[in-house]
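Colleague: Encoded as structure tokens, here's the structure I'll be asking about.
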């Protein structure tokens, strides 16, 4: 494995050939304080290809592998973590079905996980927090790396103090596997922190088509998910009151919007104690 000067942060990207993974590799390559040391992806027929050439950004001397365990083992040996501010960082943009095991493996090998994959359950997050504590390591699960989305979430939480009726809608590309999005769930959780109930029914509702009114949370908030080609990531929170409505909306039109948040997290995760959930905890 290529040696990395001590002032650089060694980074492994899992899901390297995906849309987000490829964008992260490009951002890491351009960052003056980071160095790509591993790339993992299970796309058939790509084992061993040079990842920089595959993505059209020049040779990076990093061969793509499908074996995350072998990659983590090699990285752990090359960049051994002996205390805070040390060790390698894993950035994961893969699939809800595998991200939990990837995160556990990262902690086991002493590699700090930065998880952008959504779909982790509450219990899985609790378990991962325990793994982080036992390993005395920092890690981060970030449902959305956009600073603009963090501002929307904070505005929605503030507005929830004054409005009793609200619904959330998230729109994504049709290759997103989980619904509702982790960002939408996180927004609802922030709105619910006051402990109030929303959307007291005015009539006895009847759905002629099951699911027409969206997913119902215990608080009364309803979450709606749309999946269409041509979309990237979009979210809207609409509040209603007699005589008015108040709408908050954020649109991501290109994945490059997430890269400042990704790099911010990569730079901070090695200094963290325990597992952090949400970009707002870091800015």
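Placed from the backbone N, Cα and C atoms, the Cβ positions cover glycine too.
Swiss-Prot feature annotations, pasted as is:
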- 172: active site, proton donor/acceptor (ACT_SITE)
- 176: active site, proton donor (ACT_SITE)
- 15, 16, 17, 18, 19, 20, 116, 117, 118: NAD(+) binding site (BINDING)
- 173, 182, 183: (S)-2,3,4,5-tetrahydrodipicolinate binding site (BINDING)
Colleague: Cβ distance under 8 Å to residue 172 (active site, proton donor/acceptor), same chain, sequence separation 6 or more: which residues?
Modeller: 181, 225, 226, 227, 231, 232, 233, 234
Colleague: Using a 10 Å radius around its CB, how many other CB atoms surround residue 17 (NAD(+) binding site)?
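Modeller: Taking every protein chain into account, the count is 19.
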Colleague: Using DSSP reduced to three states, classify residue 118 (NAD(+) binding site) as helix, strand or coil.
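Modeller: Where residue 118 (NAD(+) binding site) sits, the three-state DSSP reduction gives coil.
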Colleague: For (S)-2,3,4,5-tetrahydrodipicolinate, what surrounds 173, 182, 183 with a Cβ no more than 8 Å from their Cβ centroid?
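Modeller: In sequence order, the nearby non-listed residues are 118, 143, 144, 170, 172, 176, 178, 181, 184, 233.
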Colleague: Would you measure the largest Cα separation among 15, 16, 17, 18, 19, 20, 116, 117, 118 for the NAD(+) site and round it to whole Å?
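Modeller: About 18 Å separates the two most distant Cα atoms.
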Colleague: Which of the recorded positions 173, 176, 182, 183 has its Cα closest in space to the Cα of residue 118 (NAD(+) binding site)?
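Modeller: Of the recorded positions 173, 176, 182, 183, 182 has its Cα closest to that of residue 118 (NAD(+) binding site).
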Colleague: Measuring Cα to Cα, how many Å separate residue 182 ((S)-2,3,4,5-tetrahydrodipicolinate binding site) from residue 116 (NAD(+) binding site)?
Modeller: 10
Colleague: Nearest to residue 183 ((S)-2,3,4,5-tetrahydrodipicolinate binding site) by Cα distance: which of the recorded positions 15, 17, 19, 116, 176 is it?
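Modeller: The smallest Cα gap between residue 183 ((S)-2,3,4,5-tetrahydrodipicolinate binding site) and any of the recorded positions is with 116.
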Colleague: Do you know which of the binding-site residues 118, 183 has the most other C-beta atoms within 10 angstroms of its C-beta?
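Modeller: That would be 183, with the highest Cβ count within 10 Å.
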Colleague: In this structure, which of the binding-site residues 15, 116, 182 has the fewest other Cβ atoms within 10 Å of its Cβ?
Modeller: 182
